[in-house]
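Peer 1: Have a look at this one.
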């Protein structure tokens, strides 16, 4: 069996952990880097079902950190203690690739591979396409088609969009750096974000946190396959449903 630290070295080379935001907790979340692992599982999020199905001595690589904020208590009856208990009992290690991976891989996948936009410029966590000059309705139609969804929550502040900005996951707060006639495509848009953006003449399209990042596991699997690691992809449905 291989060691966790060997995979950490590969992942750090491709997406340095030092690139993560100061508030993030990417890296080894559970286990020891000197632990041996039996197989690798990649997933966007560690759900209770994924934890229960995880093989003994597995290494799980996840996008969202299981331990995000400092824990004052570890209660195995509530999240994340309920999942941590299962993982520890199975000797499962967990590596998180969060905002560092957003910057190096996932944002590009969201904007280019998934939504098919090119000519993108990096600006912090955002990718920006200047002088896109696209009609808002056509933009929404294109994104719905790319994501395979029938509806999207939007703020339409202008009919013609000059500049586009992309932030996978939860990036609605970043619209403040944009100019009027821009449109930010991201997830987790809140009511007050929408109100403020509208007052500034900035449009928003909520592509949802789930849909903007669901390609994570496949990207990681393809990367590790090139280093001769076999990876099992664990997918799950968006927990938020429109009924």
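Glycine residues also receive a Cβ, built from the backbone N, Cα and C atoms like all the rest.
OK, Swiss-Prot features for this one:
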type	residues	note
BINDING	63, 102, 213	divalent metal cation 1 binding site
BINDING	64, 209, 213	divalent metal cation 2 binding site
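Can you tell me where each of these features sits in this structure?
Peer 2: Shown in sequence order, 125, 167, 168, 169 are the residues of the chain, 6+ apart in sequence, with a C-beta less than 8 angstroms from the C-beta of residue 102 (divalent metal cation 1 binding site). Secondary structure at residue 102 (divalent metal cation 1 binding site), as computed by DSSP, is helix.
Sequence-distant neighbours of residue 213 (divalent metal cation 1 binding site) (same chain, six or more apart, CB under 8 Å from its CB) are 44, 63, 106, 110, 168, 169, 187, listed in sequence order. Annotation note: residue 213 (divalent metal cation 1 binding site) sits in a helical segment as assigned by DSSP.
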Peer 1: Among the binding-site residues 63, 64, 209, which residue has the largest number of other Cβ atoms within 10 Å of its own Cβ?
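Peer 2: Top count of Cβ atoms within 10 Å goes to 63.
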Peer 1: Take the mean position of the Cβ atoms of 63, 102, 213, the recorded divalent metal cation 1 site. Which other residues of that chain put their Cβ within 8 Å of it?
Peer 2: 44, 64, 97, 98, 101, 106, 168, 169, 212, 216
